[in-house]
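Visitor: TrEMBL lists 1-30, 221-256, 807-884 with the feature region 'Disordered'. As annotated by TrEMBL, compositional bias 'Acidic residues' applies to 8-19, 813-836. Positions annotated as coiled coil by TrEMBL: 32-59. The repeat 'HEAT' annotation in TrEMBL covers 306-344, 345-383, 480-518.
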Amino acid sequence: MADLGFDFPDDDFEQETTLDDTPFEKDPDFVDDTTETLLIKAEEEHQQAEDELEDELLADEHMSPIERVYGLGKNNALINRLLVAKELVHALEEVDLNEAVKEVLPCMEKLAADTDDTVKETFASELDQTLLYFYKNLPAMFSSSDDSIAQEKTFAPMIIRILLDQSSAVASLGQQALVTVVTELRRLSDERSNGLFQQVIHSEIFKGVIEGLMMIVNGKRKTPRAEDEEESEEHKKHRVYPDTSTGGERRRSSVTPGFEASLNIHHQAVDDDFDQGEISLAKITCISLIASIVGAFEPEKCVDQCLPIIEKLASDPLFYVRKEAATAVGSMAQVVDSHIAETRLLPLFKQFSEDQIWHVRRSCVLTLPQMCGVLSDESKTEMTVTCVETFRNDVSRNVRNAMADIVGELVSKFLPPDWAQTGQPGKLPEPLLQYFLSLGSNVNNSNQMLKLEIDRTYICAYNFPAVVLTAGVEYWNSHLRETYLNLTKDYQIKVRCTFAHSLHDIARIIGPERTERDLVQIFALYLMDMDDVKQGVLEHLADFLGTLAVSSRNEYIPILAEVWDGVSTNWHLRNILAAQLKEISMLFDASRVVEHVLPLVVRACHDEFAAVRETGVEVFPVVLDAVKHAVEEDGESLSQADGYGDDVAENKRNFALALLSHVMERLDEFARSENYRGRLVFAQICKALIQSGIGASDFASFFLPRLAPLAYDPVVNVRIAASRTIGTIYTNEPFRKELSEIAAPSRTVNVAGESGHALDQMTYRFALDKDRDVRSFVMAFVDSETLEKQRDKEMKAAVEVAEAAIEARADESFDEEEEEEEEETETDEQETEEEEKGSPMPEKTDPMEISNTPDEDEIMSEVDPIIKKPTTTAVTLPSADKKD
């Protein structure tokens, strides 16, 4: 066998005898004590180190964040580094600026260069707050553009290290933090009109980070990895090695002579590949960062400093660099004027649109709306037509999908700037309109998959309102109507749901006549569709009815009852419909509101779900306001006023009063309801009326007398609702003063013969309630001395009631004893007569055994419920027992 030149250092210890493969039948006579001792010692040392680390962590448990920063050099454990990275922001709050610069900045550099990805992720997640602390408090330190300032005074090297980290999570968190910092600095610059923060952005972010990345790209600066390797080599050079003089015995290299060069070449090639990867990463990071924060720079700096970087990297051989450059073109288009866009950005866009890699072309398609937003009308139309013809037939399905995704946004770019004021449509290119309508076609193309066709139909449905708005009503009959009607009957639920949510928008654009002709039938079909589709119509029911002519609108209001019946099994849809009743009430006159809307409001207030009841309560103020308005104008706006007199004016006036009386009867039914939910709803309606601005006179005449008895309601939930209503009155001070002045005196009179206002009586009644929740709404509005007097009066009244009950019970017992004595006398007479006749004497019974005189405990047990019941002998009495 050929000698390869390998030399093993353990040759001197080779044994000349061969080993026997026969296993040992017994333990050998010798034991390697040295090896066993070393293993035991190493294990003990490891266990001791773990115990010491655990003790240190337990000792550090109560350390403050700044103490952890100080102790980072002494305790370099992973858990300690994680805690420091997490609490670094809190540590800055405990020190002054000088100490922060001296102690925290070195700590930040160590954490950014940590070997553990978890530590770096934690540090990067808090990086934005840390940077903003220094930028806000020491802006002058980072705003100088003088290159003579020491490099360690800026965060740029640390930020670049984070952005170029091999962990994508660390790099992503770092870029997000940097975007947050730049956005906040720009906001501070605009608010304070201080150019110092803008200088920080220019000096620290652009000069430090972006130009620093480009220096790595151009080879003028080493990557963070190369810098770390240099520091490692320098550290190795200064190490102290053992004596290697010729007198000592030297070990030969284990590498075969002549192979060293080839291994070094291979190692150098790997390093070069790795460096090229970091350079490519620097390119992508630089362009991505420019696209994210370009809005924070001034337009002139964007054109002079950022745009050349994009132009340079637009022709990079790596496609993912060109892909990011194409995205940056769209971001740049949002900050430059139309001249720069047409002369410098448009050529780049055309270059990317012809790229051989579909990733680049797809990024180019996604920036098309942004480019159209800055170009002139002529250039915009020309570029749009060219791109539509090019990308709709692209060989890549991803590019075609991207074109379909942005079609709605692209169409909206053709609306005139003042369309919101003038309502004028835009000039939509015919090829773009035809391309949009082709998305809704059911004809399958052999080059496209069925799933793609389904998605294209959904995209067409989603963007249809934007196309109708931009194209205008003139295109409805000729281009849009047929496609729209076909798609509204699509078998996909998501397509019909989309049209259901936008039905009112289409109706508002095309007008009442076309709506009644083309959309009413779809509206009726969707109300009978599945719940998801039905929900889309119900959420905008009032808006759709508002687009119809008044005559047509009055014809469709009776269907509301049928709609409610159709959603009787779905409380969520009932809640949506109940919420729409408020706006629907504003579309009709009072007679139709009372006839068709009020019954649904009452049903909502009686619903088994509290959410629906609360929504129904909010509608009552609108209904009452509509009827009251009709009364105030003597029923002039009423369309139905027959059967109330021969005089037309008197007829309408009486009809309006009859409508108001009908509404008040419904409210009175809630106040007197035997079901506690009805009484609770009445208290909630009172609160809603106060919040909606009801007059104090109206509230005092009808609602306050019916609200007062609820203070003694046996159900605590009703008392809570009534107490909340009283609290609402006190928070509206003008309303409370007016109500206190006009409120009628209470009908109940206390023992002293004093009378007061019902509002004050209710307030103190709730303040003395045994339930804490009831008291909580009014305790802030009562006087403590008056409250104590009221409590004493109630206690006195309770004692009087108890004493009266005891006396009454004692009188009853005395009467019963007299009756028993009379019965005993009669019994004795009968016994005497029987003895005279010779009949046997019955055994006598002790009179005490048959006595029914109750003792004191029995009397108090019967009096106790009476004490707890309210009486009419005092203004305020204790509350009834709390009902479960």
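Cβ atoms here come from the backbone N, Cα and C positions, even for glycine.
Unlike curated entries, TrEMBL annotations are predicted automatically.
Please situate the listed features within the shown structure.
Guide: Long-range Cβ contacts of the repeat 'HEAT' (306-344) within its own chain (Cβ-Cβ under 8 Å, at least 6 residues beyond either end) map to 210, 214, 280, 283-284, 286-288, 290-292, 294-295, 297, 299, 351-352, 355, 357, 359-360, 363-364, 366-367, 370-371, 373-376, 379.
Here the repeat 'HEAT' (345-383) is broken down by DSSP into helix, strand and coil counts: 30 helix, 0 strand, 9 coil.
Beyond its flanks by at least six residues, the repeat 'HEAT' (480-518) meets 437, 440-442, 454, 457-458, 460-462, 464-465, 467-469, 471, 473, 526, 529-530, 532-537, 539-540, 543-544, 547-549, 552 of its own chain at Cβ-Cβ distances under 8 Å.
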Visitor: Could you pull the average pLDDT for the repeat 'HEAT' (480-518)?
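Guide: Result for the repeat 'HEAT' (480-518): average pLDDT 94.
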